[in-house]
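A.B. asks: Feature annotation from TrEMBL assigns signal peptide to 1-27. According to TrEMBL, the feature domain 'Ammonium transporter AmtB-like' maps to 26-418. For 67-87, 94-114, 126-145, 152-171, 183-201, 213-233, 253-272, 305-325, 345-364, 394-415, the entry in TrEMBL reads transmembrane segment.
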Amino acid sequence: MAGSPSRSASRRLQLPLLCLFLQGATAVLFAVFVRYNHETDASVWHRGNHSNADSEFYFRYPSFQDVHAMVFVGFGFLMVFLQRYGFSSVGFTFLLASFALQWSTLVQGFLHSFDSGHIHVGIESMINADFCAGAVLISFGAILGKTGPAQLLLMALLEVVLFGINEFVLLNLLGVRDAGGSMTIHTFGAYFGLVLSRVLYRPQLEKSRHRQGSIYHSDLFAMIGTIFLWIFWPSFNSALTALGAGQHRTALNTYYSLAASTLGTFALSALVGEDGRLDMVHIQNAALAGGVVVGTSSEMMLTPFGSLAAGFLAGTVSTLGYKFFTPILELKFKVQDTCGVHNLHGMPGVLGALLGVLVAGLATREAYGDGLESVFPLIAEGQRSATSQAVHQLFGLFVTLLFASVGGALGGLLLKLPFLDSPEDSQCYEDQVHWEVPGEHEVKAQRPLRMEEADTQA
């Protein structure tokens, strides 16, 4: 089960050494560069004669808690549908997110909040770091079960940097509006992971195909992740929008879009299912597409009807993707997308970006009133027309796809380095490769991996 002595020794050393190196380097960089921002620094805050109740912490922290729960509980449990990979799904989510939020604090800090030689952190930087971790976990879903933890940490090391650069180009240089991250989080994370999966393509993955499916209780646990994500998604999209009407509107648009995508998913799942029966894979994933599709436009004047229409469209497109497009993706394009991130994050993310193009192009002073400045400041200041803003939104989508594709290709080449510990084709989707599994030596509790390998070879 553990493989050859050399593989066991490599596995014993690679992860500990990489964790120690990355944590040590991050700690040194924090010591040198990271400081509290003016909202957090006791001397600066109180010198400004502020009341403690004025702190933005009290307005943002509830949203941060929701986003944090989505990252660590929602994403983790959404991926436990694999019958023998639950420890890895939850455990590696924990590992990747814990590293990504530290590394992204540095990367995003250098790009967004570097002043007087220091990165200044507060509640907003915590939320932004979690957003970046979410993109990394979306990419993780595309290669779930086919990579080791050391490979995943290296993927996060590269992806966080490219995520930060792409976000900086879109938000700061192009002036793109993307409150809920349809482009910067979902589209980027999905296509980074899909290209990565293509580079890491395994032609002999059939040897592990019998473990790629779910069983009754693993699907039930995965629904825990779905429900967490579904409930908290309005906070995810609205966490960093302008306080007041903008944040309120973002939560409302996401709320209605999620509800409509759920009904669309149930309708299409029964329609295309065998004998009219529902498929739990569709319900676990496509029902969430409504949160993705309004990510870009959620703070805009999308209208409640627009939210319902967008959500229903996303739910149906995502369900059809799981039913028809996922097999084509593997057979024709050789992309082995374990979690179907193309259907939940990729296609809805692109649709969300295009919806943002449409709604931005329709923006008028009459529709937004004084709120135009908080949603489209460049239009309000007369630097851009609505049409120009729409063009910039569309260009931002192409930039994101470019960064994601090039980054995924580079990441794939990095993860294919021969010294990195990658599970063999016959050991994919199996916890016992990397975890001590209770009952693994008891035949009745769980068949040892070597027995399954013998069955596969026979």
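Glycine too: its Cβ is placed from the backbone N, Cα and C atoms.
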A.B. asks: Taking residues 6+ outside the transmembrane segment (345-364), which of them lie with a CB under 8 Å of any CB in it?
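C.D. replies: Residues packing against the transmembrane segment (345-364) from afar: 138, 177-178, 180, 182-183, 185-187, 189-191, 194, 289, 292-297, 300-302, 306, 310, 313-314, 317-318, 321, 372, 375-376, 379, 386-387, 389-390, 393-394, 396-397, 400.
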A.B. asks: Mean pLDDT across the domain 'Ammonium transporter AmtB-like' (26-418), rounded to an integer, is what?
C.D. replies: 96
A.B. asks: Which listed stretch (126-145, 152-171, 213-233, 394-415) has the most C-beta pairs under 8 A with the transmembrane segment (183-201)?
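C.D. replies: It is 394-415 that shares the most Cβ pairs under 8 Å with the transmembrane segment (183-201).
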A.B. asks: Please figure out which one of 126-145, 152-171, 253-272, 305-325 racks up the most CB pairs under 8 Å against the transmembrane segment (394-415).
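C.D. replies: Selected stretch: 152-171, with the most Cβ pairs under 8 Å.
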A.B. asks: With Cβ distances under 8 Å as the criterion, find the stretch in 94-114, 126-145, 152-171, 253-272, 305-325 that has the most pairs with the transmembrane segment (213-233).
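C.D. replies: Comparing 94-114, 126-145, 152-171, 253-272, 305-325 against the transmembrane segment (213-233), the winner is 253-272.
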A.B. asks: Residues sitting near the transmembrane segment (126-145): Cβ under 8 Å, six or more positions beyond its termini, same chain?
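C.D. replies: For the transmembrane segment (126-145), the nonlocal Cβ contacts are 60, 63-64, 67-68, 70-71, 75, 78-79, 82, 85, 88-89, 92-93, 96-97, 100-102, 104-105, 107-108, 112, 152, 155-156, 159-160, 163-164, 181, 184-186, 188-190, 192-194, 196-197, 200, 208, 211-212, 236, 239-240, 335, 337-342, 345, 408, 423, 428-430.
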